[in-house]
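Asks: Before anything else, here's the structure in question.
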């Protein structure tokens, strides 16, 4: 099957802004626009095939038809499609939150957990995230800080800049500060336990729900060890193409491709799909005599059985695949 463009699902969470629409060409009337779910087969927001003979088909429906030929042999060990990929615009801070592990989520939520990574695409001066605890905490300290509105004082506050990579294992207390746009690659899960939300109210006028006791069951209350950013290695391939490994875990391998009037060639040989998210400039995806043009903010899916393909032009992309085991 040949590659195809993706039409994302959109989310209008109260902390979003307008940059995904203004700078990343997202066509939706939602405001604020907080997230676009670029690649999703999650029932809370499935993406849709945007080009080719299957245009208009939901991604989950196509997956049910094509199975392994679409996602690849490396996905066969999993009972579900492994990843969900988003673009996120945080005009205001997100809640302080934590995601459960697979073990806890399967036992208590009948779902899988959520490990994720962020690639910071843009960050206003002074932008920050919270990542892990500042010191070892007791559960009662967390409860007291939430009640007093001082929860952020217990966390490590880290400055972020464009190009930073943040890997967030399940169980890590974290929050995204204001003024940040990022690409998120995560497990295919929508489980989030809010710890603290600045006493904000939702569209219904009520305080947004917290999940403090569940969060305390899954959160790691020890300081995160070492750097929050994984080591990255850039590989200059020649022909105006540079590939940089960003992060990898059981559920995804993520690389960044930079093209300067360049060409990058690869083969989809039945092992894994590849999702391409264009985060800058414009690139052409050439495969089987067909060409898809991706501008900033557009995404495409390369099926595992697509064969040889090339990415050409001057732009930057995030490439997500299943890792070898």
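Positions of Cβ are set from backbone N, Cα and C atoms, glycine also.
According to TrEMBL, the protein carries these features:
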- 4-102: domain 'Phosphomannose isomerase type I catalytic' (DOMAIN)
- 99, 116, 174: Zn(2+) binding site (BINDING)
- 194: active site (ACT_SITE)
- 247-319: domain 'Mannose-6-phosphate isomerase cupin' (DOMAIN)
Asks: I need the CA-to-CA distance for residue 99 (Zn(2+) binding site) versus residue 194 (active site), whole Å please.
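Replies: So the Cα of residue 194 (active site) lies 9 Å away from that of residue 99 (Zn(2+) binding site).
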Asks: In whole Å, how far does the CA atom of residue 116 (Zn(2+) binding site) lie from that of residue 194 (active site)?
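Replies: If we compare the Cα positions of residue 116 (Zn(2+) binding site) and residue 194 (active site), the gap is 16 Å.
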Asks: At a 10 A cut-off on CB-CB distances, which of the recorded positions 174, 194 has the highest count?
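Replies: Selected residue: 174.
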Asks: Quick one: what's DSSP say for residue 99 (Zn(2+) binding site), helix, strand or coil?
Replies: coil
Asks: Compute the C-alpha separation of residue 174 (Zn(2+) binding site) from the residue listed as 'active site', stating it in Å without decimals.
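Replies: Residue 174 (Zn(2+) binding site) to the residue listed as 'active site', Cα-Cα distance: 10 Å.
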Asks: When you measure from the Cβ of residue 116 (Zn(2+) binding site), how many other Cβ atoms are you left with inside 10 Å?
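Replies: Its Cβ has 24 other Cβ atoms within 10 Å.
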Asks: Taking the recorded Zn(2+) site as 99, 116, 174, identify the other residues of that chain whose CB atom sits within 8 Å of the mean position of the site's CB atoms, giving them in sequence order.
Replies: 97, 98, 114, 115, 168, 169, 170, 172, 186, 192
Asks: For the domain 'Phosphomannose isomerase type I catalytic' (4-102), would you mind checking the mean pLDDT of the predicted model?
Replies: 97
Asks: Is it possible to get the count of other C-beta atoms within 10 angstroms of the C-beta of residue 99 (Zn(2+) binding site)?
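Replies: I count 27 other Cβ atoms within 10 Å of it.
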Asks: Work out, from DSSP, the number of helix, strand and coil residues along the domain 'Mannose-6-phosphate isomerase cupin' (247-319).
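Replies: Across the domain 'Mannose-6-phosphate isomerase cupin' (247-319), DSSP assigns the residues as follows: 0 helix, 55 strand, 18 coil.
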